[in-house]
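If you check Swiss-Prot, you get these features:
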ACT_SITE  HIS94  active site, electrophile
ACT_SITE  GLU167  active site, proton acceptor
BINDING   ASN9, TRP10, LYS11, GLY173, SER213, GLY234, GLY235  substrate binding site
Amino acid sequence: MRKPLIAGNWKMNKTDGETKQFINDLKCLDISDNVEACIISPFTSLKTLTEDLRNSNISTGAQNMYYEECGAFTGEVSPNMLKDLGIDYVIIGHSERRTIFKEDDELLNKKIASALKHDIKPILCCGENLEQRESNRHEEVVESQIRLDLKGINEKDIMSKLVIAYEPIWAIGTGKTASSDDAQSMCKFIRNLLSKMYSKDLADSVRIQYGGSVKPENILDIMSKEDIDGALVGGASLEAESFSKLINYGK
């Protein structure tokens, strides 16, 4: 049984003070034990996040990391720095990292291997853009991303650690909408791909999230799908009350 993972990706939002206020507000609200909740903040708030949530049932995550442990890499954050803070998860290959910062699959592959080496669970993001979707290449694109990003990584290394987040880039800020059936179709495709790449046991153990304008109004429909095991949420995770509704979607 895969425990759903509802992760709030704050992106470049919230100061450290605002993070403290969010946590205080969230502690006053109901936090379900039926799902794993995770907050993924900017680097500047990670220390506050891990300290203030230490005795809670909420996991923590970082939005990015470099694959080297130390050195002359100005502006980067290493996996051992994240591990020292007690971070549980790290996002690898978010669509904004791929498009804005031109991160390619070779780099992402190194990041995933490094995260696993340091016992940080990677949330690997994948997804196709509008042109790729309309030319019916969405499965081809996502398969290529996953195969390249996991190249050389063994099944035993990712069992119970890897999370995959499917992001339909074509449905984010384009006026197009992805239905829950669209999401289920791609998440099922990803699970079948993992079964071919590794084994059915591995595929059945991996949690596959959906990340495309998830909000309290649509999460119940999304989470009703067989192969969707959670959500990677953006804007709807920035307010404590909204995030609490997402976590408690089944109530």
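Note: Cβ is positioned from N, Cα and C throughout, glycine not excepted.
Here the structure is a predicted model, which means the values were calculated and not measured.
Secondary structure from DSSP puts HIS94 (active site, electrophile) in coil. Applying an 8 A CB threshold to same-chain residues 6+ apart, the list for SER213 (substrate binding site) reads ALA171, ILE172, THR177, ALA178, GLY234. All protein chains considered, the CB of ASN9 (substrate binding site) has 25 other CB atoms within 10 Å. Within 10 Å (C-alpha to C-alpha) of the residue listed as 'active site, proton acceptor' lie the following recorded positions from ASN9, TRP10, LYS11, HIS94, GLY235: HIS94. The secondary structure of GLY235 (substrate binding site), as reduced to three states from DSSP, is helical.
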